[in-house]
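These features come from TrEMBL:
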TRANSMEM  35-57  transmembrane segment
TRANSMEM  69-90  transmembrane segment
TRANSMEM  130-151  transmembrane segment
TRANSMEM  171-203  transmembrane segment
TRANSMEM  257-281  transmembrane segment
TRANSMEM  287-309  transmembrane segment
Amino acid sequence: LESQLAYKYVEYGLAIMGLRPLPQQNPSYRKLFDLWSFTVLTVLEVYLPIAFVVAFVKNMDNITADELLASLAMFFNLPACGIKVIILLLNRWRFDRAKDMLAMMYKRCTQHGERVQINRLVQRCDTFTILYTVAYLMTPTLMLISSVLSGRAPFNIYIPNLDWRLSKRNLWLASCIEFVLLSMGIACCILVDCLPSIFGLTVRGHMKLLIERVQTLRTDPQRSELDNYEALVLCIKDHSLIVDYCSNMRPIVSRSLFVQFTAMGFVLACTLIHLLFFANFLTALSAVWYLATCVLQSFPICFTCDHILADCQTLALAIFHSNWIGADHRYTSALRHFMHNAQQPIRFMGGGVLPI
């Protein structure tokens, strides 16, 4: 498995949700894709935010605190998801470029052990995407079940000419329509939240391989000084490629996390008030799961960014403790240059303001 396949499921998801077309030459496919993309973006960016507001205004006299807080928690997350989708759409070329860079990194993995590590990295990214999807889709599922059993619509989304209060049939119909509409938004949210985390995992995976290569420099007595110098130059190029890979994806990660951090305060406030004061057992269960999912939106990439900083320090120490004593001037000069660059941490800031 090649490194760029770490984004495989995300790439499929982007195509399914109309955010990135597959490389098809058929003009009919392109027209259908554009139509589907327009539908998804209209639902996410226009209909859902307006439908929440309209439903709140129309049902202001009948809405309970439980329903209001559950709807507000979803409402504050929707604009954030929509903005993150727009950020991704404006930077789709960075995603394609990132895959090309990963392909270049994979070409350096010539040893069997390195290929095994890359294979495990890709499998880990695939598993992460699947777990993310299950965790995210469990939230609307639990809210749907708890709300229908309580005799009310789950998300309080306005649907024209359909009042769920009139009959049980209308309740089930409105609940299913709301579930489908919100699942479209959540599917987009899964993709834009998975992308930074998978990016962080691939950075760490290739940084680990680079550290192992540095530790083996000048350890083979059969290699000449020229061969050792060329191996060092390749390690310097590997590090430069990793830094370029991070610089390429930094705008997506930085802007998306800034939006997420901003929305998180409102979402957590509404969910905690709902959980502590107004929820019964079923709604409390869905609220707790939603709270955990909100934390899951930003925790993995924040955790990974901390480890990337630690990996930079580990790389600098590996360079310093490598077998450079007795090497010629050209080798030590290149090694000093390498160490200086490795000591510059790979740091990410949310919107250039908030440290990730």
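Positions of Cβ are set from backbone N, Cα and C atoms, glycine also.
Comparing 35-57, 171-203, 257-281, 287-309 for CB pairs under 8 angstroms to the transmembrane segment (130-151), the maximum falls on 171-203.
Same-chain neighbours of the transmembrane segment (171-203): 3, 6-7, 9-10, 13-14, 16-17, 19, 40, 43-44, 47-48, 51, 74, 77-78, 81-82, 84-85, 87-88, 95, 98, 102, 121, 124-125, 128-129, 132-133, 136-137, 139-141, 144, 147-148, 151-155, 157, 159, 162-165, 242, 245-246, 249, 252-253, 256-257, 260, 296-297, 300-301, 304-305, 307-308, 346, counting only residues six or more beyond its ends whose CB sits under 8 Å from a CB of the stretch. Sequence-distant contacts of the transmembrane segment (69-90) (same chain, at least 6 residues past either end, Cβ-Cβ under 8 Å): 19, 41, 44-45, 48-49, 52-53, 55-56, 143, 154-156, 182, 185, 188-189, 191-193, 195, 251-252, 255-256, 259-260, 262-263, 266-267, 270-271, 273-274, 278, 283, 286-287, 290, 294.
Sequence-distant contacts of the transmembrane segment (257-281) (same chain, six or more residues past either end, CB-CB distance under 8 Å): 64-66, 69-70, 72-73, 76-77, 79-80, 83-84, 87, 150, 193, 196, 287-288, 290-291, 294, 297-298, 301-302, 348, 350-351, 353-354, 356.
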